[in-house]
Amino acid sequence: MTQDELKLAVAKAAIDYVVDGEIIGVGTGSTANFFIDELGKIKHRIKGAVASSEATAERLRSHGITVFDLNEVETMPVYIDGADEINAGGAMIKGGGAALTREKIVASVAQKFVCIADGSKLVDVLGKFPLPVEVIPMSHAVVARKLAALGGEPRLRLNKNGDGQPLVTDNGCYIIDVLGLAITDPADIEDKINNIVGVVTNGLFARQGANVCLLGTADGVKKLEF
Ligand SMILES: O=C(CO)[C@H](O)[C@H](O)COP(=O)(O)O
């Protein structure tokens, strides 16, 4: 099976977690996009969605799904999103698509986080995937030095235009990708990085990890519960 077929399989399986008549939180990325397309087919069953990025909001609307402002929503039963890495305890690295802060905010008001991912995302130790950190632009060099002091190799993420300029997130911020961090204690690293002044948040989801992971494998969709 191709990676896209695995992503589609988990996106279809995630439809079982959609609660009729409710608002659903929706993540960002290629796996989330497969899920949005499946959600479009059952849009009559839900009240609407909260999006974790402008791109996701646009795709939801293209299917005729109502997108709610998070400030109008007190809670929601489920948030569904992909991950760059997930470990056996449900802790994740997210933010490969630069949407980590909004993803963390939307997930924080959901009762359940359902991670959908192809099998390659399951790892023993988090950190092979560079850890994304969203930062206030004026502080990026200051924060980078502090990330280096923690043992990582910080790289400012550039946009894809090829003009050498930093990528700007939906929040008007920059992303620093940190290579080479040994993340043996994800919650500790999450806290340490979030305590650096100038950091908006980082892509470790250990304090609010997944409750369920639907993992796409050649043998079918495997369900992990945490
Ligand atoms: O955190 C994310 C975006 O900020 C994505 O969930 C993560 O990057 C996985 O993406 P994909 O489903 O394309 O592999």
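Note: Cβ is positioned from N, Cα and C throughout, glycine not excepted.
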Listed in TrEMBL for the substrate site shared with Thr28, Gly29, Ser30, Thr31, Asp81, Gly82, Ala83, Asp84, Lys94, Gly95, Gly96, Gly97, one of Lys12, Lys47, Lys121: Lys121
Fewest Cβ neighbours within 10 Å, where candidates are the binding-site residues Lys94, Lys121: Lys121
Sparsest-packed of the listed binding-site residues (Thr28, Ser30) - C-beta count within 10 angstroms: Ser30
Local Cβ density at Asp81 (substrate binding site) - other Cβ atoms counted within 10 Å: 30
Close in space, distant in sequence - Gly96 (substrate binding site), Cβ under 8 Å, 6 or more apart: Gly29, Asp84, Phe129, Pro132
Other same-chain residues whose Cβ falls within 8 Å of the Cβ centroid of Thr28, Gly29, Ser30, Thr31, Asp81, Gly82, Ala83, Asp84, Lys94, Gly95, Gly96, Gly97, Lys121, the recorded substrate site, in sequence order: Gly27, Ala32, Ala99, Ala117
Listed in sequence order, residues with CB under 8 A of Glu103 (active site, proton acceptor) and six or more positions away: Gly27, Thr28, Ser52, Ser53, Asp81, Lys94, Gly95
